[in-house]
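Feature annotations, courtesy of TrEMBL:
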- 17-27: compositional bias 'Pro residues' (COMPBIAS)
- 280-302: compositional bias 'Basic and acidic residues' (COMPBIAS)
- 303-312: compositional bias 'Basic residues' (COMPBIAS)
- 1-31: region 'Disordered' (REGION)
- 201-230: region 'Disordered' (REGION)
- 273-336: region 'Disordered' (REGION)
Amino acid sequence: MSDTTTPEERRSEPAAGPAPPPPPPPAGGVAALSLEELGSSPPQISRNLYRKASQHNDQLSKAERLLLLSRRDLLGKALAYPDSLTEAQRDAVLTRPPPDVLAANIRHVTGLSTVAEVVHAFWSPTGGGGDRTAELSYAALRCITLDWWTPESEDRYRVEQPPSWADGPAHEAAVVLLLSARPEEAAFEAAVTKAFCDPSSLERMLPSDDASPDRDDEEGNERRRRSAEQALEVARLREELRAQLEEELRTPATGDDLAAAMRELRERMRVEVAQDAEEDARRHDVEAAERKRQMEELAEEKRRKRRRKAARKGGDGDDDDSDEGYVLSALVLNEG
């Protein structure tokens, strides 16, 4: 179709201006960073960062908290934002029983209901109780020392830790962090453990304290049920933390280029994790060499004893190489 507008009409139309510029990205470089760009899952995290999170948590940067949170498990949440844990989550990190079992165990050995009540009654100076751990029964000492588990409840309810907890430095760091937040509780548990390990604690034992728990057909079913519940909670928490990460990535960092900070942090972690691996390898070599030296010294001492014994009997004492075979087999087992 031909253009029917007159030249005058065309001249009266406003000239098309340049397209408006796109809106600027949010402050802090967040627009350049996505969840996928946080790196591998689980992320590479060095022992140095775990140590910092454990001992100087208030000094963690935004990028460091996000990297810890990107583990997307309970340990990552504990190390990144320890104050965000529920009491049940805190107990789980400390390998204590789930809430219902924990309360039942405490009632069974002390007549109280919570860890805080036990600390207040048997330790807390502010409660006027002072150190009353000497009044705790053998069963109570054992329960508290074993992370508030009783033999019966452990057999029935305890399940394996989530696979991601196999990362030793993370779990150890989280435990130290959470215990340091409640020094009275930590001091009480340390005192109870010391008392339980003292041989005199056996004097408090009652016949029922050493009885083997009765096992029934429901025990395996209960373990499986608890294990399934744990798996569901791990999956639920993983999605919750994913959503939290996405939300935090949409929130501008304070005065930082978060994307650049994350790139720099990931590179630092790559270097530090490699250094950790080299340190582990060196320590393994040193320990293996020390084991070999000790076994060789033991074998040499046995040879000297044989020679002295043979000299008394008129033999040479070198016809038995069984010790050398023992040393070799022991070294192979230790290396494995």
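Using the three backbone atoms N, Cα and C, a Cβ is placed for every residue, glycine included.
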Can you break down the compositional bias 'Basic residues' (303-312) into helix, strand and coil residue counts using DSSP? 10 helix, 0 strand, 0 coil
Its residues classified by DSSP, the compositional bias 'Basic and acidic residues' (280-302) shows 23 helix, 0 strand, 0 coil
